[in-house]
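Visitor: Just passing along the structure, written as structure tokens.
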């Protein structure tokens, strides 16, 4: 019989109906283990060897009939060093695949897609104004300007200043012009540098956050480099300070900084140098400026030491009992413009900064000396003495010393005076609040710290800075308010005062006028400023030839960006007229206060002050035990 072969060809099987065939069929029905079928079949075929030539099947044929042996499923998987169940292995593989799809795949896709940087939050108004306010100092620079100065209508000027001095190598080149004229007044210039340095020490993190740290420190160094030239900064004892370059005499018709209306680049008239052979006020302020700057430049060890040495030399000159006449006394080039009314406030101010710069206890002992507070009238509670200005450093000095009490708590022997300074500082903050009626306010909300006289905004900016700084000091110690008499005042109230005054300056006023040039859409266009009011170019105008630019009703050809002008009157009125300097003239000292207030209020870079940097040179303070009481006598 032929049977079909599924693998090709035919398969022949003999079937003669004999017992052998039956035996074979019966063997097919036995329930044998197929794994031993080869062995058993071989036995059968051996018993019937007479038919072996017909019935012995080779292995290939057996496989055709019986099929492949059935493999038994393994329940475990051998991974070499680990044996696990097949089910667990299967779930593990599935888990890896799912994890890849859920976690790895989205990550890979995200990394391959084009990246879009998240936009930082837009700067607040104070930051925008601060960028501009700092540029004013670039516009006021005297000397050979760096290419990076950034004011295209300004150039090198004053390159012959002090050239006739025999004891100053290179003359008195550099520094800053004070205002809309071309005079370099060293007293307010020093105050401006102290204020800028103070703001950097307290708010370095904010300056860095808005990209202005290098700029502001360059501005400070431009000023301190110049101040170091105005006296013998390599000596330990000096007998004079050069106190001013340029200037004018009232009602003079001689070509000078007031009679002439010329760009600084075009000056040809004589610029006399004023010398102070005594000057506790000037020397005290200059010492404060250099000491504060030495903390700013603490990482530049060589320069910082140079500043400290100069500050100590200046302060020794200031404290010389035989040189206690004001630097401006009887000098017609200075007294009508920057007359100093006291010098004990500079003693307190300068000694406080020198203590922070050096850690020398001699300076803190002087700053907390009862005689100093008495002579400076620190505790007399005179409203005008709570107003910070280039002439009166008293409220700033007391706040600076209050800082020491708040953060260091030095105890005896300083606690009594520091506590008194703290109390007066608290009352100064109370005086700024309208509810106490210490100062008048305009209907538009501007505090009148100088009794309605001109150039009001510089005092307002300074007060806003002190108030904001006081709030930050208190917040840093977790104190939510302070007392004005029996009334507890929340710090939020004082912060609102500071912001309201700055907002007024920036345009939140009845005229909707920004008093910072270049900020907002409406700002003064006829600023009292020689350099900004005269077109730059090849044409040089003579002393009186520039008058036509002074007198024209046309706007200035250059905006002096960032300049805070004098400001409105006590009725919120403002006259944008070049000749009306009380309204439209900016000043170096005024803009320094503006910068300090703006950086204290901006939210860029976070809130709060740098508590510790100012104390870097101060040694650990361990309160001394007070002296024992005198022995009891019956």
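All positions are counted from 1 along the displayed chain.
Each residue, glycine too, has its Cβ placed from N, Cα and C.
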Visitor: Can you dig out which of the ranges 71-90, 91-110, 111-130 TrEMBL describes as transmembrane segment?
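Guide: Residues 91-110 are the ones TrEMBL records as transmembrane segment.
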Visitor: Quick one: which of 1-20, 21-40 does TrEMBL have down as region 'Disordered'?
Guide: 1-20
Visitor: Output, ordered by sequence, the same-chain residues six or more apart from residue 576 (active site) with a CB under 8 Å from its CB, or 'none'.
Guide: 524, 525, 526, 583, 584
Visitor: Using all protein chains in view, find how many other C-beta atoms are within 10 Å of the C-beta of residue 528 (active site).
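Guide: Step by step: centre on the Cβ of residue 528 (active site), count other Cβ atoms within 10 Å, giving 25.
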Visitor: Quick one: pull the CA-CA distance for residue 585 (active site) versus residue 528 (active site), whole Å only.
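Guide: Taking the Cα atoms only, residue 585 (active site) lies 5 Å from residue 528 (active site).
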